Amino acid sequence: MSGQGGSAAPALVSLLLLLWHRAAAIEVPLDPKIQQDLKQPPTITKQSVKDYIVDPRDNIIIECEGKGNPVPAFSWRRNGKFFNIAKDPRVTMRKRSGTLEIGFRSGGRPEDYEGEYQCFATNDFGTALSNKILLRVSKAPLWPKEVLEPEVVTEGSSLVLPCNPPPGLPPPITFWMDSRKSQTSPRVSTGLNGDLYFSNVLVQDAQTDYSCNARFLFTHTIQQKNPITLRVQTSEQNTHTHARPHTRAKVAESTPTFLSPSGTESAKMVLRDEQLQLECIAAGLPTPTIKWFKKGGELPLRKVKFEKYNKVLRIVNVSEEDAGEYVCMAINHIGSIRHSIFVQVKAAPYWLDKPTDLVLAPDENGRLVCRANGNPKPNIQWLHNGLPIESTTDSPLTSCVLGDTILFRSVQIGSTAVYQCNASNEHGYLLANAFVSVLDMPPRMLGPKNQLIKVIKNKRTFLDCPFFGSPLPELFKNGQGSGLDGGQYRAYINGTLEIKRALAEDEGTYTCVASNILGKAENQVRLEVKDRTRIVGAPEHQTSIRGSTARFVCQVNSDPSLPITVTWTKDDKPIHLGWRLKKDGESLTIPNVNEGDEGLYTCTVASEIDQDSASARLTVLDRPDPPMDLDLSDPAARSVRLTWIPGNDHRSPITEFLVQFEEDRWEPGRWQDLASFPGELNSVILQLAPFVNYQFRVIAINSVGQSQPSRPSPRYKTSGAAPDAIPRGLRGWGSKKDNMEISWEPLLDLERNGPNLHYHVWWRRKDSGEPWSNVTTADSKHVVQSTDTYVPYEIKIQARNEFGSGPESNVITGYSGEDKPTEAPADLRVSRVDSTKANIHWKPVNLSSVQGEFKEYRLYYWRESSLVPGLSFSKEKKTKGFYSTVAEPSAILSDLVPFSKYKMFMVVANNRYEGPPSNTVEITTKEGVPDAPRFFKISLRSLDTISLEWDKPVEPNGILIGYQLKYHTGELGRPQLETFLPNVTDFAMRLSGRSTRYKFFLSALTQVGAGESIAEELPHFANEGECFLNSDLHFRNKRDQVDIATQGWFIGLMCAIALIILILLIVCFIKRSRGGKYPGKT
């Protein structure tokens, strides 16, 4: 039977755990109203640390804070016994708290209150416990009085100076001092126990003031041990031989030995999560170095730190995998030694599954779990309201303790309690409080009443309906009275209704109902479905030139019932709008852009329920920075290589480099363009002119413009050479009849190629076979004297300097000076004269008599008189040239004025002079048609009559016989014709209608016909009295308008009417007065 029971017990336990695992505890919401009404057992919220060391100079405060409903009462145990606070005048407890304050103003010793304290928080539903707090008072004892003998040691030997600090609480921190402040080194160091270790002693270690110091943290004091004197004996002092002065025997070297720890192996125990410190200090000469290893694995480098020149290995937050054998090895060139330290990692209890508070409804099941681990494995003990659970008989809960788990079945009202779990082993303990609260509460709605929720169309939507009750209420939702679960609706047990895709037809009021056996609660949510806020016109990427204006536009479409805000950010940071950056509705304007404006601009449009954003990048282009670091290389006679580093192109690629030069001989300080190169080059060969002292600069060019010039290059001077260029513009001409001036354009400064530039000029009479005459001059012309008149010469030129002669020019032809022509054109006559033209004829001169280059026959003519009586005109002479070399020349003279008398004569002309005049001829032009009238204007005489005025032509071109006026209405009206005598210059005309548009054409007449006409147009009238052409019309309209209020007849009529009204009023008043005097009958 026992065997069967033993095998059945584990199966029963597993079944019970499975069943209880499925029971879900109630989660109590943090809603203040629920928390205020909810009855809860006590909970410890704050307490002092387990190992509590206090400063004896201060009051002692032992913390214990808790909560519960009703507010718990607090009590204490000291050393396992009830601590009666009321009987000790030095001890007080804070109000609504369990915190103890122990004061010593009236006397007493803090040491008298050392011990183990535990706090109890109790209300109607149970008792919660604090940890057991071990209170100890900090101690800082003095060094014992002792007389320390000097330490005498041989040079090269090892030495340990003991510290032995007084035991303190907590232990003090030790350090050594001497007159040199004891600088630590690989040779001298302080051990973990406070001793001072010398791997080998040197002569300079001899001091009289080695002192160990202990620093106590709580009292902030440092205590110093009596100083120790160290004397070092050299090898000469140990031997009795006489060494030579100023010589020392060499100290014997030694293999390493360990000063700490001793032996070949040792053991170390450390607790999990604490700090492991392993120490190896070795003696030897020379000073050994320390290395560490771990057998069977590698050192955890992420956790290991080496200190004090590798003498200390420290591992923080030790875990089980840090256990094992650690080996330290001391090495010098004499030998080595090893020491093994076996590290064992133990563990105080730590939580795997800490018990948590449990809230259950009546008749529900539940469980508390308390799982902890440690090394050795901790023991689990359950307490009920601070007492061992096995000793309590007053718990109405039906429970079953299964090791680290307590199972509760069918709990009832009134069975609320606090349970404690204590997990302990030899290295420590853990204590946790967890209450089991049996709660019954009718349903309550926790959300706001009649909430309005706005959602976006076609979006997944959740309508929340938070509630609470115990037992857990059942929940359903409905809209318009119908249940909602299924289709596009899904109801969750936490009170949330999911609408998978919100549509316009989903708008309305939704009711949430929660019920349990104690009642029910309702709440309503009103849903509105809105159109999505979206950006329909996103801002576009822009590339702007520095100093221009950039504008981003963000076009938005949103639900009209939702107000929106448009905000702009740059690189995800807010934009500060102000005097420069402007936001206008949905656009952002950035005037005078600079490099600081470059970035990613984001437009965010937001309503109260959604938002949309779009981004665009602004790239700012600018002129490039000037090139840098100009360098000259590869020098040659007429070239040099120029290299530079391009500057920043400011996001617009450099397309061209312009190289400029300045020379200090001809035009110092003036920069001139030399050559342009493609933007991808930064090293070019420059073609140079001889005998120039150059310096260069480079300008970069991109699509925005030119950079500032670079800094000038070093100067580069080219050597001299004979001229390469031929003087340009060579010509020969006569300034007088007996000379010839030979002139040319001097070479440019950069064409000189050397000093002492001059010109060698040759000339000779053409086709004469004469030898060349020549001259050398530094000027730009030479005058040949005593020449014949207008004789051709051959001329050539050559430039020369100190380095040689340049190329000769081609031979050109020049002429000596001209003289006055000696002959006049003969037999000048006219034929076929009409109103504006005449044919002229003459006999030519002998070309040799021109005495120069024949230019033209020049006709002088002028208007002698007009046949129109009384007409004023100008007699100014006019000229017209005719080039002809035929035997019987003739020409047409045009642009004559009709009906006039003209006179004329002719001369022959060369480039400088005119010859004698020909015979004078007189002609009379025929009558022609007149010019247009001088002016033509239309004015309004009355509302239906207009007046037309004009003046005679400036040039009648004959005898005027009258004027003709043509006019028609509209575009297709029948034309009308009126004629007038020559002395008539105005005409009055009645209009057929004020809305009719007229067009007039006026011309003057001679016997030949009508001359040029002048046109005017009459617009229709929009309003009576409107003026439309000129100031005369405007004046007439004003004059025709009469102010009726100023007319005499109107004033008289108004006075008569006023007089009649006054008479009628007087008569009525008299009649009424008389009627009141008759007596009534009795």
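Numbering starts at 1 and runs along the chain as it is shown here.
Heads up, the Cβ atoms here are built off N, Cα and C, so glycines get one too.
Predicted, not measured: the structure shown is a model, and the values here were computed from it.
TrEMBL lists 1-25 with the feature signal peptide.
For 42-130 (among others), the entry in TrEMBL reads domain 'Ig-like'.
For 144-229 (among others), the entry in TrEMBL reads domain 'Ig-like'.
Marked as region 'Disordered' by TrEMBL: 238-264 (among others).
Proximity of distant same-chain residues to the compositional bias 'Polar residues' (254-264), defined by a Cβ-Cβ separation under 8 Å and at least 6 residues beyond the stretch ends, is recorded for 156, 158, 160, 191, 193, 195, 197, 199-200, 279-285, 288, 330-332, 334-341. Taken from TrEMBL, the feature compositional bias 'Polar residues' applies to 254-264.
Residues or ranges marked as domain 'Ig-like' by TrEMBL: 256-344 (among others).
Under the heading domain 'Ig-like', TrEMBL lists 349-437 (among others).
If you look up TrEMBL, you'll see 448-528 (among others) marked as domain 'Ig-like'.
What TrEMBL lists as domain 'Ig-like' is 533-619 (among others).
TrEMBL lists 626-721 (among others) with the feature domain 'Fibronectin type-III'. Helix, strand and coil content of the domain 'Fibronectin type-III' (626-721), in residues and according to DSSP, is 0 helix, 45 strand, 51 coil.
If one looks beyond the region 'Disordered' (705-732) by at least 6 residues along the same chain, the residues whose Cβ comes under 8 Å of a Cβ in the stretch are 623-628, 630-632, 635, 637-638, 640, 642, 644, 647, 658, 660, 662, 664, 671, 688-699, 740-748, 751-755, 757, 759, 763, 793, 795-809, 812-816. The region 'Disordered' annotation in TrEMBL covers 705-732 (among others).
The annotation domain 'Fibronectin type-III' is assigned in TrEMBL to 726-819 (among others).
What TrEMBL records for 824-928 (among others) is domain 'Fibronectin type-III'. Mean predicted confidence for the domain 'Fibronectin type-III' (824-928): the pLDDT average there is 93.
The domain 'Fibronectin type-III' annotation in TrEMBL covers 932-1025 (among others).
According to TrEMBL, the feature transmembrane segment maps to 1048-1070.
The list of residues near the transmembrane segment (1048-1070) in space but at least 6 beyond its ends in sequence, with Cβ under 8 angstroms from a Cβ of it, is empty. The stretch with the most CB contacts under 8 Å to the domain 'Ig-like' (448-528), chosen from 144-229, 349-437, 824-928, 932-1025, is 349-437. For the domain 'Ig-like' (533-619), the number of residues in each DSSP class (helix H, G, I; strand E, B; coil) is 3 helix, 47 strand, 37 coil.
The stretch from 144-229, 349-437, 824-928 with the most CB pairs below 8 A to the domain 'Ig-like' (42-130) is 349-437.
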